[in-house]
Every structure is written in structure tokens, then in C-alpha cells.
Amino acid sequence: MAARQQQKGTGFGVQYEDFVPKSEWKDQPEATILNIDLTGFAKEQMKVTYVHSSKMIRVTGERPLANRKWSRFNEVFTVPQNCLVDKIHGSFKNNVLTITMPKETITKVAYLPETSRTEAAALEKAAKLEEKRLLEESRRKEKEEEEAKQMKKQLLEEKEALIRKLQEEAKAKEEVEMRKLQEEAKAKEEAAAKKLQEEIEAKEKLEERKLEERRLEERKLEDMKLAEEAKLKKIQERKSVDESGEKEKILKPEVVYTKSGHVATPKPESGSGLKSGFGGVGEVVKSAEEKLGNLVEKEKKMGKGIMEKIRRKEITSEEKKLMMNVGVAALVIFALGAYVSYTFCSSSSSSSSSSPSSSSSSTKPE
């Protein structure tokens, strides 16, 4: 048995060891016999094939070893010229493969001359050399094919690895881009929600401020109205008091002292004078009241319209100025009425205090 020559591996982690078996040729008169020593191989682990194109016999086989290793062989033998190809047969016994190749013509070696034997030996040697050459060429081709196959397989594996790497990088990049887009969309959504909330809060504050301003305006107008009504009421009360005092002065009789006693006699002249005086003041006050009443009515109508405009936020600067002018005019009229009443009351009290003394001096008894 020949020694193991070289080891070859594949991408799957399995290593092959090439095995070169020993072979022996035997030339017999009836046939040519080839014995191949295949110790360690079973019959099912080998294969014998005849190649018609090259007239050669190919013997191949492989068997497993330990540690994911395999032993294999691939041998080629040339079939002799004087051979019946259809009757080639083989047998496997005691680890030896025997291939029998029957001859077309049976030769008797014992009766051949010496020259024939020499020629037969030379032919056999040439056949062995040709067989060796063909075997080496076949092995070289197989080696080249195996190397090409391994190179192709390696390139395919590298290509697949590169494709996997590119796919993984593209997938990772796509995931990063998708995560980035999601974060940007989330940030935009949060910013939009925050902006909307701020706008809503600002709008609510603006509405509250406008409502508060409207309430203040209404309260101011209400206070002005109440103040004007209070002043009007006060003037009316003062007027009623003044009128009642005038009536008492007009109806009070004048006492005249005589010798027989005192007699109350009215004085039409003075009464008419007082009446005329009271009448003049009354006319002034009455005119002021009428003007004030008209002004108040007008102010009420304007106030209602202005209040409606304030509620609708339609009041203008001219209407505000007009409201201020109306208030000032009312105050002026109230002051004028108060002044006239005060002047009249002062003159009435001074005349009443001087009249009794004059009457008493004129009616003093003799």
C-alpha cells in the first residue's frame, strides 16, 4: 500500500487525503490480470469504470477517517490492445481488487522465440510508461479541476459574504434612517402641540383681559349713572324743601298792632313781590329741571346704546368723548341749580329776619 500524499480541505471543514494504492500486472496466456491493493476499503466504497474513448479503466473510491477526514483515490489504467473489452470483469477479495481482461488470441509464451519475448517485454514497458503518463495527466487535470472548483467555491462564498454584509449594512442604515425620521416626526408633533397649547392659552388670556376691560367699562358707566342719579335725587329733594319753605313764607300772615289789638292782615304788595321773586327763581329752576330731565333721558338712551356697543366692542373714541361731555354738562347744571337754591335760601332767610322787627316798630301802641 502506498503512503498518503496530500491533504485537501473544503469550506465545510472536511479534509480529504489522497491515497495511492499499489498495483500489479500479470500477463497470462488467456488474459491480462491487474491486482490493486485497497486495504481498508470496502466493496461498496469503490467504483470501476471503463472509458471507451480512451480505452482506459478508472478505479475510484473514498472512505471516512477520524476527525472529519476522508481518504480517497482515483487511479487510471490503460487496457492492452489484445483484449476483449466486453468480457472485462473484476472481483474483490482479501482487500485486493482483481480485474481480468481476456485476450482476443491466446498466446503460448513457452514456445515463443527469444526475440518475441523481448518485443513483448518492450511493448509491456511502453504500455506501462503510457499508462503512467496518462495517469499523471489525468491527476494533473483532476487537480486543476479541483483547484478551479475550490477557487470558484471560494469566490462564491466571498461573494455571498459580501452580499450579506451589504444587506446587513443597508438594513442597519435603513433602521437608523427610519428611527431618525420617527424621532423628527415625534419632535415636530410635540412642537406643534406645544405651539397650539400656547396659542390657546394666549387666546384665553386675551379673552379674559378683554372681558375684564369690558367689566371695568360697564362698572365705570354704572358708577357714573348711579352718581348722576344720586345728584339728581339730591337736587330734587333740595328743590322740594325750597318750594315747601316758599309756600310757608307766602301763606304766613303779617301781624299789625293797633290800639284795639293786633290784627293779622296780609300784605299783597310784599306777597306779590315775594311771589314774583319766587316765581323768577322757580322759572329758572324749572327750566334747569326740564333741561336736566331732557339731558337725563337723552343720556339714558345714549347710555343704553353705548352699553350695547361696549358689549359688542363697537364703541368709538367720539362716543367716549360724548359720554364725558354729557357727564360734565350734567355736573354743571347740578352745580348751577345748587347755587341758585343756596342764593335764594340765603336771601329769604335775611328778609324774614328783618320783617318782624320793622313791623313791631311800626305797630307799637301809643
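For all residues, glycine too, the Cβ spot is worked out from N, Cα and C.
What Swiss-Prot records for 346-366 is compositional bias 'Low complexity'.
In the predicted model, the region '6 X 5 AA repeats A of L-E-E-[SKR]-[ERK]' (129-220) shows an average pLDDT of 91. As annotated by Swiss-Prot, region '6 X 5 AA repeats A of L-E-E-[SKR]-[ERK]' applies to 129-220.
Positions annotated as region '3 X 14 AA repeats B of [IMA]-[RK]-K-L-Q-E-E-A-K-A-K-E-[EK]-[LA]' by Swiss-Prot: 163-206.
Look at Swiss-Prot and you will find 345-366 tagged as region 'Disordered'.
Residues or ranges marked as repeat 'A-2' in Swiss-Prot: 135-139.
Feature annotation from Swiss-Prot assigns repeat 'A-3' to 156-160.
The repeat 'B-1' annotation in Swiss-Prot covers 163-176.
Marked as repeat 'B-3' by Swiss-Prot: 193-205.
Positions annotated as repeat 'A-4' by Swiss-Prot: 206-210.
The feature repeat 'A-5' is assigned by Swiss-Prot to 211-215. Each residue of the repeat 'A-5' (211-215) gets a DSSP state, and the totals for helix, strand and coil are 5 helix, 0 strand, 0 coil.
For 322-342, the entry in Swiss-Prot reads transmembrane segment.
Summarised by DSSP class, the composition of the repeat 'A-4' (206-210) is 5 helix, 0 strand, 0 coil.
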